[in-house]
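Read the structure below first, then the notes.
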Amino acid sequence: MGTHSWRCYFSRLTRLSVRWVRLCPQPRQGKRPGPFRQLWSYGKIIFNSLYFNVLTNWDTVLDSIFEPVYWLVDNLTRWFGVVFVCLVIALTGSVVLIVYLCVLPLIIHTYPTHWIFWHLCYGHWNLVNIVFHYYKAVTTSPGHSPQEKCDIPTVTICKKCIVPKPTRTHHCSICNACVLKMDHHCPWLNNCVGHFNHRYFFSFCLYMTMGCIYCSISAKDMFLDAYNAIESYYQTPPPHFTNEEKLFHKSLLYLWVLTSSVAVALGGLTIWHAVLITRGETSVERLINRKEKKRLKQIGKVFRNPYHHGRINNWKILFGVEKKSQWITRVLLPSSHPPRGDGLTWDCPRHRHEAMDTI
Ligand SMILES: [Zn+2]
Ligand SMILES: [Zn+2]
């Protein structure tokens, strides 16, 4: 705190002391206040002390008022997380079942051998990657602040956990913990995305999008046939379809609509996360850095992200790739290697000195 800040602090403290004295019940000369009046005065002091604090501002007051709302939202998200995970498993399972029962037999009976081979290889490789990365993203802890005293450099103290917060760490109110290199809390994983499961999260999004695109392209012709057949149900006289054929048509319609919608929605999210990774930012840092960029611009300085190591290097850091062959073994194939670093300390190479260069 600079001299100016200390002076401000003491002057505010003096002002507060004066106001505090005014608030306290002053006994009149020779006359004792009645018990009701005394009770009233003390009640007033207690009420005033609830918000009469040098650190209290409107944000704190609003936070306190909305505390029950936050509590409700956090708890609902925590419980809905379990429902969302079950939903992901159920929807993915239903799509896989339809592919095995309806799409694959049709491919095997109608396609040439090389196309059958391609579908069997690609489809299974994609499926294994989806299942592996989803399982790892859900079950791997994102990494939390150390609870015991240690020598790591910390930025601040978390006011909720009362533990030191290393750089890039943020508090998740849903998990009620400080998460290392926190990206966001994902309800679809019922877990926070942080240092130790960021790669699993991104790979899951990528492989799931690829799987959905693959399904919607492969089953496009079958979907159009099924759609036309469903349309013909309402013709007079209606064509004769067995119940099995009707179920087949509806399953293909469900498969195509679901996979194409997920491909669009999850594809957008995956692209957004790919942009953030390329920039060396997390979702939380994106917001912080944008504000910082604006603030520095106003005082004629340029903001440089200290965790940006270059586009390719950022991807190498995320995937934990050290040499070329690892792009295959660690990215294209399921791998449970830990990420680079411990998530507590971060290497900020050349940018540290350039961070606030004047324009
Ligand atoms: Zn915390
Ligand atoms: Zn969380």
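Cβ atoms are placed via backbone N, Cα and C, with glycine included.
Taken from TrEMBL, the feature transmembrane segment covers 78-108 (among others).
The domain 'Palmitoyltransferase DHHC' annotation in TrEMBL covers 157-287.
The transmembrane segment annotation in TrEMBL covers 200-219 (among others).
Tertiary proximity for the transmembrane segment (253-277) is limited to same-chain residues at least six positions away from its ends with a CB under 8 Å from its CB atoms, namely 91, 94-95, 98-99, 102-103, 202, 205-206, 208-209, 211-213, 215-216, 219-220, 223, 226-227, 230, 283, 286, 314-315, 318. Positions annotated as transmembrane segment by TrEMBL: 253-277 (among others).
Broken down by DSSP into helix, strand and coil, the domain 'Palmitoyltransferase DHHC' (157-287) contains 78 helix, 16 strand, 37 coil.
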